[in-house]
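The transmembrane segment annotation in TrEMBL covers 9-28, 126-147, 154-174, 186-203, 208-226, 246-267, 571-591, 611-632, 639-659. Marked as domain 'MIR' by TrEMBL: 296-359, 370-427, 431-491.
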Amino acid sequence: MWGFLKRPIVVTADINLSLVALTGMGLLSRLWRLTYPRAVVFDEVYYGQYISFYMKRIFFLDDSGPPFGHMVLALGGYLGGFDGNFLWNRIGAEYSSNVPVWSLRLLPALAGALSVPMAYQIVLELHFSHCAAMGAALLMLIENALITQSRLMLLESVLIFFNLLAVLSYLKFFSCQKHSPFSLSWWFWLTLTGVACSCAVGIKYMGVFTYVLMLAVAAVHAWHLIGDQTLSNVCVFCHLLARAVALLVIPVVLYLLFFYVHLILLFRSGPHDQIMSSAFQASLEGGLARITQGQPLEVAFGSQVTLRNVFGKPVPCWLHSHQDTYPMIYENGRGSSHQQQVTCYPFKDVNNWWIVKDPGRHQLVVSSPPRPVRHGDLVQLVHGMTTRSLNTHDVAAPLSPHSQEVSCYIDYNISMPAQNLWRLEIMNRGSDTDVWKTILSEVRFVHVNTSAVLKLSGAHLPDWGYRQLEIVGEKLSRGYHESMVWNVEEHRYGASQEQRERERELHSPAQVDVSRNLSFMARFLELQWRMLALRSDDLEHKYSSSPLEWVTLDTNIAYWLHPRTSAQIHLLGNTVIWISGSLALAIYTLLSLWYLLRRRRNIHDLPQDAWLRWVLAGVLCAGGWAVNYLPFFLMEKTLFLYHYLPALTFQILLLPVVLQHISDHLCRSQLQRSVFSALVVAWYSSACHVSNTLRPLTYGDKSLSPHELKALRWKDSWDILIRKH
């Protein structure tokens, strides 16, 4: 029974020294002097702000992508003990002593380093040779743009890591499918594929491209699985269910989890609050939550309210009025009602307050008990500071002549009676008896006499309107738009009938505390919608470029310039690798078309296993390049060279695949193979030479003269060479 104690316990393990060496070299190339330069480099000024917000738990909104990427960078800051106190306002600004530069740049650098051995494993899993796998990994190792991007506090290297992890995991799963379906390793790799895809999408929306590619490949394989007559119906169903859970359900759950953690961490009010709805702002600590603390929930007749436009464009604003009237005659010769101006004002102001009056009563106070306003009730909106009622009539608006002017009614004793009755409609009501609620209810006001809806036109009034935004009455027949919807942001029960007392009341804070916490799903849906709908002003940038310029490397980006020497960092790719990658893609496409045509004629140039291997490599590598590159031609945004890096990694994976294919299947004799191998070695040596030549611009640790800098830009060098000859 105790015989096993008589012999030593021995554990054996297979260690791929090539993989270990590649990992070590990847770490060395990415981590060497990682804190240099100790200054803000290009987009670090952009991401650093968000890291500081995380450290201080301040809410922010970034339309570039989901929050997982920002949280990865913030994790580096947290591990380094960063307190968030640094002013990210200038590229080139030197970091203060409290900024843990090494920790902030560590995770992107690790992701870039681990992408090197991952490329090796992907090519092996595609069943190509060890030499081809080593070639792919070494190209990833020496490519200058990939090194530069992964050594800084940027997200492209992390996105590339999860893209490659998704591909590798699926290939591992596909391999397990052949000999051990539903085994522990089968489940692990399938689940990891879904996790990696979700993380890629969570880093940047560009990750969706690789995720769609993996879903397409999985769908094709599942389709073949359905046609496998050796499997029972139950077995096929279990296969499909497992794939649906791992590749659809888990990514969605993880995506929601990213936002959940994001919203848990960022619970304080910040500079981006105004973009969000009043309900969202009120759920944050400080800011609007401090202002609205204690407001009554139900709006009643006599309530004093401020009304915020839900649309929030061109800027968030509140229904507003002031003593000034519309000009008698506009500049274009049209006449106005000369009534009191009503506008939308983008700042907090006492003139934003309105009183919800019962048309059947004269009092401007809340009765006891309060009578809540419900969907469908008729109301008058009385301006708090001037006591004039919101009015519209058949007079053209100043800037929108096809809509009605909205004003506060002044009685000039002429034949233009007041038309100040409005029907309240709660747009997000659960029933037709719903009560109008502070912050939560989204309402519109329909004019009783003309059926016009109170709407923000978005146009800026001239100087006579203080450049405030125009409010109009829009006919119901013209359809629904968010600019017609309002919500109560600040609210109190009015208690003063006298105007002087009421004005003092409008300036005082409310007292009673009512909680209005939004659910996570409500906050997630609003935040996601704002991220997708928000459009930043994409101005032309000095270093912006077009997708066509990326392929030919006809562009670069100056990331950092030393303030005292000529040392600098540029995002500049290895010319040999980029051009060779494009040639490999063209060769793969032409060969594939040739093989397809000949197979159509029943001529099989490749054995079936070699053909399937060739097709799978093309779908993943050439397909990965296509889905990560071609969509940029449809995007209306400022683009930069680094947007091409995810597509470039798939080109690099394809390059050794094409080279091995040429050697194995197109070189007919041993002599041809020997010559071709010698050419490949020479080609790779030239790639290494270019990488070493560009090293000063990759690491920025050497001063360069203007002539040396010009010589390092391949286009300039080519022009010099032509002129010499």
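Glycine is no exception: its Cβ is also placed from the backbone N, Cα and C atoms.
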Quiz item: Apart from its near flanks, which chain residues at least 6 from the ends of the transmembrane segment (611-632) lie with a Cβ under 8 angstroms of it?
Solution: 126-128, 163, 167, 171, 206, 209-210, 212-213, 217, 547, 550, 585, 588-589, 592, 595, 604, 639, 643-644, 646-651, 653-654, 657, 661
Exercise. With the transmembrane segment (154-174) as the reference, find which of 9-28, 126-147, 186-203, 246-267, 639-659 contributes the most Cβ pairs under 8 Å.
Key: 186-203
Exercise. Any chance you could find the range in 9-28, 186-203, 246-267, 571-591, 639-659 with the most Cβ pairs under 8 Å to the transmembrane segment (126-147)?
Key: 639-659
Quiz item: Which bits of the chain, at least 6 residues beyond where the transmembrane segment (639-659) starts or stops, bring a Cβ under 8 A of a Cβ in it?
Solution: 115, 119, 122-123, 126, 128, 131-133, 135-136, 139-140, 143, 145-146, 149, 154, 156, 159-160, 163-164, 206, 209-210, 541, 543-547, 549-551, 555-557, 571, 573, 577-578, 580-582, 584-585, 587-588, 591, 617-618, 620-626, 628-629, 632, 680
Practice problem: Take the transmembrane segment (571-591) and find every residue of the same chain, 6 or more past its ends, with a Cβ under 8 Å from one of its Cβ atoms. | Solution: 42, 139, 142-145, 148-149, 551-553, 556-557, 559, 618, 622, 625, 641-642, 648, 651-652, 654-655, 657-659, 661-662, 683, 686-687, 690-691, 694, 697-698, 712-714
Self-check item: Tertiary contacts of the transmembrane segment (246-267), as residues 6+ beyond its ends and Cβ separation under 8 Å
Solution: 53-54, 57-60, 66-68, 70-71, 190-191, 193-195, 197-199, 201-202, 211, 214-215, 218, 284-285, 520, 523-524, 527-528
Quiz prompt | Distant-in-sequence neighbours of the transmembrane segment (186-203), which means Cβ under 8 A and at least six residues beyond its ends | solution = 65-69, 72, 155, 158-159, 162-163, 165-166, 169-170, 172-173, 176-177, 180, 210-211, 214, 242-243, 246-248, 250-252, 254-255, 258
Quiz item: Residue counts in helix (H, G, I), strand (E, B) and coil for the domain 'MIR' (370-427), per DSSP?
Solution: 0 helix, 26 strand, 32 coil
Quiz prompt | Average model confidence [pLDDT] within the domain 'MIR' (431-491) | solution = 89
Quiz item: Do you know the DSSP helix, strand and coil residue counts for the domain 'MIR' (431-491)?
Solution: 9 helix, 29 strand, 23 coil
